[in-house]
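These notes are about the structure you will find just below.
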Amino acid sequence: MGLLNKFTGSTPTSAAASSNAEPEKRPEMMKIGMAQRFRPRILLMAVVVSMGGFIFGYDTGQISGFLEMPDFLGRFADQRDAQGKLSFSNGRSGCIVALLSIGTLMGALTAGPVADRFGRKPSIMFWNLIFCVGVIVQITTTHKWYQIALGRWVAGLGVGGLSVLTPMYQSETAPRYVRGALVSCYQLFITLGILVAYCINFGTEDTRNASAWRLPMGIGFIWPAIMLVGMLFMRESPRWEYRNDKTDSARHTIALVYGVPEDHPEVQREVREIREKLEAERAGGDNHPWYEIFTGPRMLYRTLLGIALQSLQQLTGANFFFYYGTTIFESVGLPNPYVTSMILGGVNFGTTFPGLYIVERFGRRPALITGGLWMFMCFMVFSSLGHFALDQEDPSRTQSIGYVMIVFTCLFIAAFAMTWGPIVWALVGEIYPSRYRAKAMALATASNWIWNFLISFFTPYITGAIDYRYGYIFAACCFTGAVVVYLFVCESQNRTLEEIDTMYILGVNPIKSKYWQPPEGDALPNLDNTYLTPGARGINKKTEAGVPEEERRDRAPTAESSRV
């Protein structure tokens, strides 16, 4: 294959291989039916590994209900409102709620190096145990509010670790034809966990003793137990195995998840691409410092893109609607905050299911762009009605406005649940090469938790000062998110992780990336050369010393051949 074809991605006319006799040619894409997509192993992976999202959702959903329970208020509240009822100050409630995010930030940053050293599977089990320790710290307290806060911080370490490892494991292990949906299951299980927590809180809210909040908290042990036991039956990530010289095990894992024999062309192709990428990465040796997530080929671009996507997911403002939900629903005669939470949680969970279809049917880019613009529109209408038309002193006097705002609340939640909620997790799990995936995903996920903390802690203060106009800030962020995806995100639907890496290394135009054809056969091992020179990472004079002059000349990309 000529160098021009190699670096421009043009497709030669040679037929795809159909047998093991021609292993270096690209095999035909597997024709996948519904039975193949929903095999027991795929469903088990979806339920067990995505339980990491359920743990986070459940822990997040239960704390908002605790802050309204009489026994919890009696033990930990620090002030009384104008009617003389016990309540939490913004500072104390902010600490209790937001310390989880501080823990998740630290857990996310730590999870990457731990997973690279010990493997994805044992790391997932470790962070589940850390979460359980945090729950124990919380459930054993009596009247010390800071023990609740500290326990949430410890639990947050576990949640943060799982927030990195769950999409990472799914991305590295899932077949390409369901990878987006499987990774998106993380967000689906977050919404399910929130909804289950709301329902359990609703069932215990009338209890006038500590069991009102200790019972939901104790039920929280069930979810990590399910995940711990389930992971015992899951296999290690094949890409981690291959990088750690467990080639046969990696091939066996890939064959199992695809449901085909180990000598199947699809298995051969995926193993070959993993090998080629690994050989290219190791061309300059194995000593690669952490800062290569910024200096590696096109890594600064991808690292900043992952950080931007995760930050913008929080800045879409989904939590803003949950914060104002009670006030809006009061305007139409639903004053019970638990009922309000269940309604919004139900919409959030139910509309996430179409997102699992959308991500595989229409692709990542169209879904995120459409979702961002949809949410922008919802926020503009919602905020304008709330500030200019709703009677904020007595919302019941403007019921018709309240009904319209409820409609746009649900439309926003549906848009978020179908697009930016699940798909960002899938994208961030796909855009990094294997060597940098753990560290780069940890950094991107940490940015999500930073904004989660800032929004949860400062929202009560900001909304108290500018009321519904706060929504205009989130509207601008939604529009910005759509622009960022349009300009910078390559379409990764139905591509292997190695092909996605190639797209970013070659600088494929994101706007035209849907139509890009990957180089075939011998191209992948040398793609790092596009951006590397002798002495840089990936290539040095020593490794080139034993290469014949003709082969070195063939490897060297010209200005024309490097152009996409």
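Cβ atoms are placed via backbone N, Cα and C, with glycine included.
In TrEMBL, annotation is done automatically, which means it is predicted and not curated.
The compositional bias 'Low complexity' annotation in TrEMBL covers 10-21.
Residues or ranges marked as compositional bias 'Basic and acidic residues' in TrEMBL: 541-564.
Under the heading domain 'Major facilitator superfamily (MFS) profile', TrEMBL lists 45-493.
Feature annotation from TrEMBL assigns region 'Disordered' to 1-26 (among others).
According to TrEMBL, the region 'Disordered' annotation covers 531-564 (among others).
The feature transmembrane segment is assigned by TrEMBL to 38-58 (among others).
Among the features that TrEMBL reports, transmembrane segment is placed at 96-114 (among others).
The transmembrane segment feature in TrEMBL is assigned to 126-146 (among others). Only residues 6 or more beyond the boundaries of the transmembrane segment (126-146), in the same chain, are considered here, and those with a CB under 8 A from a CB of the stretch are 55, 59, 75-76, 78, 92, 96, 103, 107, 111, 114, 118, 152-162, 165, 214, 217-218, 220-221, 224, 227-228.
Per TrEMBL, transmembrane segment is recorded for 152-169 (among others).
The transmembrane segment annotation in TrEMBL covers 181-203 (among others). Distant neighbours of the transmembrane segment (181-203): 42, 45-46, 49-62, 65-66, 69, 163, 166-167, 170-171, 174, 215-216, 219, 223, 338-339, 341-342, 345-346, 348-349, 352-353, 355-357, 359-360, 417, 421-423, 425-426, 429-430; these residues of the same chain sit at least 6 beyond its ends, with a Cβ under 8 Å from one of its Cβ atoms.
Annotated transmembrane segment per TrEMBL: 215-234 (among others), in sequence order.
Annotation comment: TrEMBL describes 304-326 (among others) as transmembrane segment.
Here the transmembrane segment (338-359) has Cβ contacts under 8 Å with residues 61, 64-65, 68, 180-181, 184-185, 187-188, 191-192, 194-195, 198-199, 201-202, 205, 321-322, 325-326, 329, 367, 409-410, 413-414, 416-419, 421-423, 426, 493 of the same chain, all six or more residues outside its ends. According to TrEMBL, the feature transmembrane segment maps to 338-359 (among others).
The transmembrane segment annotation in TrEMBL covers 371-390 (among others).
Note on the transmembrane segment (402-428): residues 167, 171, 179-180, 183-188, 190-191, 306, 309-310, 312-313, 316, 318, 321, 325, 328-329, 331-332, 344, 347-352, 354-356, 358-359, 364, 367-368, 370-372, 374-375, 378-379, 381-382, 385-386, 390, 395, 441, 444-445, 481, 489, 492 of its chain, located 6 or more positions outside it, place their CB under 8 angstroms from a CB of the stretch. Taken from TrEMBL, the feature transmembrane segment applies to 402-428 (among others).
Taking Cβ pairs closer than 8 Å, the transmembrane segment (440-458) reaches residues 94-95, 97-98, 101-102, 104-105, 108-113, 160, 163-164, 167-168, 293, 299, 302-303, 306-307, 309-311, 313-315, 317, 319-320, 428-429, 432 in its own chain, all 6 or more past its ends. Residues annotated as transmembrane segment in TrEMBL: 440-458 (among others).
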(message) For the transmembrane segment (152-169), give me same-chain residues lying six or more residues beyond its boundaries with a C-beta closer than 8 angstroms to one of its C-beta atoms, as numbers and ranges.
(response) 49-50, 52-53, 55-56, 59, 63, 96-97, 99-112, 114-115, 120-121, 123-124, 126-135, 137-138, 183, 186, 224, 237, 425-426, 428-429, 437-438, 441-442, 445-446, 448-449
